[in-house]
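This report concerns only the one structure given below.
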Amino acid sequence: MAAIIVVGAQWGDEGKGKATDILGGKVDYVVKPNGGNNAGHTVVVGGEKYELKLLPAGVLSENATPIIGNGCVVNLEALFEEIDGLEARGANASRLRVSANAQLVAPYHVAIDRVAERFLGKRAIGTTGRGIGPTYADKVSRVGIRAQDLLDESILRQKIESALDQKNQILVKIYNRRAVDVDEVVEYFLSYADRLKPMLIDATTELNKALDAGKSVLMEGGQATMLDVDHGTYPFVTSSNPTTGGACVGTGIGPTRITASLGIIKAYTTRVGAGPFPTELFDKWGEFLQTTGGEVGVNTGRKRRCGWYDSVIARYASRVNGFTDYFLTKLDVLTGIGEIPICVAYDVDGVRHDEMPMTQTEFHHATPIYETMPAWDEDITDCKTFEELPEKAQDYVKRLEELSGCRISYIGVGPGRDQTIVINDVAEG
C-alpha cells in the first residue's frame, strides 16, 4: 500500500506531469485533488507530447484508474474536449472517473471571472479567465453546483435558479452585462449529463477501500505551493490549496495514510502572471532560461517569467508540505552557462532573511542574496545514474539538497520519461 502526493514546490510548471507519468505506471489510481482547467502540464510518452489541463496525467497510464477528485472544479465542455482530443490521437480515456462531489464550472462563473479581471484593470490578479475562482467562491458560499446534481434535473434547476438570483445582480448592476437565462444554463449542463453520469463515483470510499486492499494511490496536485490560497503569495494565488494538506482534503484520504509527499522543483525558478518574484531575471540569462527551457505556459501560451533557484522558497515549501523527497527537474537546461547563482537568503530593507518574510510587503521588498557554483559543460541528457553526472552537476544537486532540507530522489535531465535519474523510488517505499 502506498499513498503518494505530488506537489509543486514553486509557482507551478515545475514538471508535475512528468513525475506523475513516471509514477503513474506503478500505482493503481492517479487522482487530481484540486484545481480545474486553469493549469496545464506536459507529458512526453513514446516521443509523443501531450498537453493536459483538466485531466490527470495518469490518464495516459495503461493500468492506473484516473480520477478527478472532490476538490476539483470541472468545466464539462473543457473536460470532454480534452477527452476527445486524446482519443483522436489513440489514447484511451475510458477509465476516467469523476467524484460526484466535484464542483462544476457554470457559464456564469466564466463570465464573472473575465469581466471582473477587466474591471480591476492594473490591479488584476492575472487569472486565466476560466471561472475557477468564482466556482470555488460558490463552493464555500454553499451555492455551488456539484457533479451529482446532474443526476436530478429538478435539483439542478433549483440550484441554478438560486445561484442566478445573486449572479445576475452582479452581472447587471455592477458589471453592466446581460442577465444569464436559467434555461440556458440548465440546458448547458444537461447536454453533458449522459456522458458524465457513467463516470461519477464516490471517490473517497473507493480510494480508501483500495488502500485497505493494499493498492496504491497517487495524488497529482495542480498549481503549486506558492500559489496556495493560504500559504502562497496572496493575493497573487489560486483559489484552492495545492499543497499536501489540500490533497488530503481534495481526495478524502486522511493524512495518516500518506506514505510519501514528493515536491517537484525546477533547477531554476519560473512564474506565470502577476506577483512578487525575488530572483526574476530581466537580462540575457532570463531570456536564455525561457528559450532553452521552453518556458511557455501550456494553458495560456504566456511566456513564463524566469529566475535563478530560490532556496528560501524551497525550504518554505518543504516545511509547509512536509516533503519526504524532492524531484528536481530541468537540470539539463543549466548545462554550459558558466556560473549558476543560487539564492540562499533575502535582503529586505538591509536586513537578512534566511526564511520567508512574514508579510507580503516585506516579500515585495526582498532582493536575493546569491552564492554561485560552477556549471558543467558535458551533455547530461543520457545520464542514467547520479554517478554518471559530471562532478559539478553532482555538486549543484547536493547543494540544493542541503539548502532545501529535503533529499532529492529524482533528477530530470531531459523532457522524456526515460530521461530521469532515480535515486530513491517513493513508489517502492
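Heads up, the Cβ atoms here are built off N, Cα and C, so glycines get one too.
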Swiss-Prot has ASP13, GLU14, GLY15, LYS16, ASN38, ALA39, GLY40, HIS41, THR128, ARG142, THR238, ARG302 down as binding IMP; which of GLN158, GLN166, GLN223 does it also list for that site?
GLN223
Compare the Cα of LYS18 (GTP binding site) against each of the binding-site residues GLY40, GLN223, LYS303 and report the nearest.
GLY40
DSSP-derived structure type at THR42 (GTP binding site), helix or strand or else coil:
strand
Out of GLY15, GLY40, THR42, GLY301, LEU331, point to the one nearest GLN223 (IMP binding site) in space (Cα versus Cα); all of them are binding-site residues in the record.
GLY40
Provide, as an integer number of angstrom, the distance between the C-alpha atoms of LYS303 (substrate binding site) and ASP13 (active site, proton acceptor).
12
Using DSSP reduced to three states, classify ARG302 (IMP binding site) as helix, strand or coil.
coil
Least surrounded among the binding-site residues, given as GLY12, GLY15, GLY40, GLY301, when other CB atoms within 10 Å are counted:
GLY301
Give me the largest Cα to Cα distance among ASP13, GLU14, GLY15, LYS16, ASN38, ALA39, GLY40, HIS41, THR128, ARG142, GLN223, THR238, ARG302, the residues the record lists as binding IMP, in Å as a whole number.
34
